[in-house]
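Okay, so here's the structure we're looking at.
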2 protein chains.
Amino acid sequence: IAKEVAKLLEMKAQLGGDEGKPKFVLKTPKGTRDYGPKQMAIRERVFNAIISCFKRHGAEVIDTPVFELKETLTGKYGEDSKLIYDLKDQGGELLSLRYDLTVPFARYLAMNKITNIKRYHIAKVYRRDNPAMTRGRYREFYQCDFDIAGQFDPMIPDAECLKIVHEILTELQLGDFVIKVNDRRILDGMFAVCGVPDNKFRTICSSVDKLDKVPWEEVRSEMVGEKGLSPEAADRIGEYVQLHGGLELIEQLLQDPKLSQNKLAKEGLGDMKLLFEYLTLFGITGKISFDLSLARGLDYYTGVIFEAVLLQQQNEHVDELLGVGSVAGGGRYDGLVGMFDPKGRKVPCVGVSIGIERIFSILEQRLEATEEKIRTTETQVLVASAQKKLLEERLKLISELWDAGIKAEMLYKKNPKLLNQLQYCEDTGIPLVAIVGEQELKDGVVKLRIVASREEVNICRENLVEEIRTRTSQP
Amino acid sequence: IAKEVAKLLEMKAQLGGDEGKPKFVLKTPKGTRDYGPKQMAIRERVFNAIISCFKRHGAEVIDTPVFELKETLTGKYGEDSKLIYDLKDQGGELLSLRYDLTVPFARYLAMNKITNIKRYHIAKVYRRDNPAMTRGRYREFYQCDFDIAGQFDPMIPDAECLKIVHEILTELQLGDFVIKVNDRRILDGMFAVCGVPDNKFRTICSSVDKLDKVPWEEVRSEMVGEKGLSPEAADRIGEYVQLHGGLELIEQLLQDPKLSQNKLAKEGLGDMKLLFEYLTLFGITGKISFDLSLARGLDYYTGVIFEAVLLQQQNEHVDELLGVGSVAGGGRYDGLVGMFDPKGRKVPCVGVSIGIERIFSILEQRLEATEEKIRTTETQVLVASAQKKLLEERLKLISELWDAGIKAEMLYKKNPKLLNQLQYCEDTGIPLVAIVGEQELKDGVVKLRIVASREEVNICRENLVEEIRTRTSQP
């Protein structure tokens, strides 16, 4: 009975409402999360690495609204369109939350008649997908996009996008990775020579896209069963999509009696060869795999496509929890801007999108495992007092420090205990304490305590700012 | 006739659809805008100033989702609730876009049972208001919020919030400003002694809030006409709300025979006196005005309230276009977190929100007026070639530079003309050009050109990175 009563009391406590307050669920919406100070510290590290890389490659930055006219997004995402969040019709325009940053970018280019830009854009996008939050799959998540728009000589911007993915994944030290590369024209040429009817290219492409998650047999039966492809065509595709390699595979396929007869495939393979030459100059072919099973889900790609996959985690804990997955992807979309231009004028584009959430998950769990303590503030000094009735002196001193650009805090108490003030520094990692006491005030000094060593030195008030700067400057 | 034909042709061109393409409007949603690279450069300057200030005061940073459960926002905004954007019901939870960052912060505190935090949060919020975009009023706009939550001795955190507003507005050099301060308890006490019935406090408060936009006579007639207040009570309010000043006004009101009898007003005035003492220690009372007409629209304030107003623009151009307005506001809201706690446990909070859009508008228009050229990239060097057939050499060199952390660009052409490459540097402000030519390759050097002076020097390849760093390091 006692057990039952305890259970009931617990249920009552969960329901709340003891004081007649309205009951409601205290949570963030499904598939979303808050970022507390610790998570934000990790997030800012990752953003800094990514932004540094984008800036190193000379990118400008833009921003667009979180929602677009619904019609702007219509017809761009194929089967994924059902995942778009719509806003309620409250009178006025029909709006949807952005699904990625690529379509808003194309809309921006067409609207402003821009034919030449290299830009990055870091912002949240929204998908009504099935969330798997421990694996870093959310309904609200960041994309970090870098795109090059303009009419240029082939494969030079495309190679730079791959170089960027390589730089970022190396810098973030997420463990070993591979960047799979393919070309929509090679896929389409392959479908043609395998006997896929023209009108089935996109839907068969969607099936191929599932090969990173399900085995070929399942994909094959979807092609034949659901999508009505002939078993012979499916088997021919099956032979191609297990191929992956480097320059030698490209050469081999350029000699393939069937593929080499197809104009699209030949173009794609020629460009792929050029791409690999540039990647060799960049010294990164070791992590690049030309992979005929890579298809990418989105409708708008027209040329090179790629996807970066983490191969394994360095940390065993993480391995169990996370598995392995895609952290970046992109490709060439030469037709998308033209869809927005009233005259259909095209602006060739190629770009890459870094998926941050999965990277966060890995780093967050790695940090938890190592129990490394990370600071969530940058405070250099705590302004403290050794005796009572010194609030006014603390306020005067901290104001001087703030005005001199020093990062300073104080406890919001009239008469805090010195021990509590020192404890606050220990807890939050503040390296210095500036202590005012009656004697120090008389002598025109401040006692500066170094938290780590417990050393204390009296510093002339007029030299205090300089002393704090010196002692907290990064080497 | 020719004129009419031209008109018709123009209309046709506007409609587009020459090639049978579907017609659609190419725009961002009402009340929103894109930020191009130049606008983003201004925005980042402003954000950096604000974030530096928040960090100087020891704040941590958090982030919350762009939408909340609809019920989380219900009952927090009074008359403004009609301006909330709802998401369409697509199955699942009912969601709304956040209206400010304060309610999500309170929800975050209650949900995570946090009773003590100093945090900032910079993010977009959404209001279905009537936009006035040239004046910086948008439906999607940034708020930069700094809040202190916790049970502390009175007015210490409140004074710090005002210090922060003062620091940021001084730093941004937006011209002269004043920070108006009042207290909800003084307002409520004033309403009581003027004979406003208890149940009319909030609605009369809303009327007083309009005093910064419309004259007293109009506000009075709204109180008496629409809201059914007695003319005598309105007139008594009218006498109080024209008062503004400093410490001497507080002293005077503490002696006011009616106000001093009211418990709430007395508490508010006592704290206001304490606040002014702390602000005197901070040396900022020169820009602070205790103003009895300040009411603030939102329901959740319980104590000190404040609002920063720009007094005039330094630039006459700007003056005409923008007028004058509020750029920051905030106050104490001791009851909001308790509204989310199942047991109603309170967490006292005080905070400030900086409104960025109006500040952007001012800086953007000021920049246009001065025709100052601002760089939108940070590229240090352009990798160029003097002759044809050197694409591979450029790719090799730029890859070396990127890997050494140098910000470098190249033109995406196989054989760009040297003149075009130099012109690109002029246009984008790149200070250096690293030129590879056949002779330089033979000699193992790179010709480094300083764009501003047109000086050219041959640099040993192995010293190039160091040379670029030295020449582009900030003094």
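A Cβ is built for glycine as well, from the same backbone N, Cα and C atoms used for every other residue.
Per TrEMBL, these features apply:
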- A:Asp100, A:Leu101, A:Thr102, A:Arg127, A:Gln143, A:Asp147, A:Arg296, A:Tyr300, A:Tyr301: L-histidine binding site (BINDING)
- A:31-363: domain 'Aminoacyl-transfer RNA synthetases class-II family profile' (DOMAIN)
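A map of TrEMBL features onto the structure.
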residue	record	Cβ contacts under 8 Å, 6 or more apart
A:Asp100	L-histidine binding site	A:Val125, A:Gln143, A:Asp145, A:Leu298, A:Ser353
A:Thr102	L-histidine binding site	A:Asp145, A:Asp147, A:Leu298, A:Tyr300, A:Tyr333, A:Leu336, A:Gly351, A:Ser353
A:Arg296	L-histidine binding site	A:Arg184, A:Asp209, A:Ile305, A:Glu307, A:Gly329, A:Gly331
A:Tyr301	L-histidine binding site	A:Arg184, A:Gly331, A:Arg332, A:Tyr333
Inset, instruction - For A:Gln143 (L-histidine binding site), just count the other CB atoms lying within 10 A of its CB, please. - result: 19
Legend entry - DSSP-derived structure type at A:Asp100 (L-histidine binding site), helix or strand or else coil: coil
Legend entry - Integer mean pLDDT for the domain 'Aminoacyl-transfer RNA synthetases class-II family profile' (A:31-363): 92
Inset, instruction - Please state whether DSSP places A:Gln143 (L-histidine binding site) in a helix, a strand or coil. - result: strand
Legend entry - Among A:Asp100, A:Leu101, A:Thr102, A:Arg127, A:Gln143, A:Asp147, A:Arg296, A:Tyr300, A:Tyr301, the record's L-histidine binders - longest CA distance, Å: 21
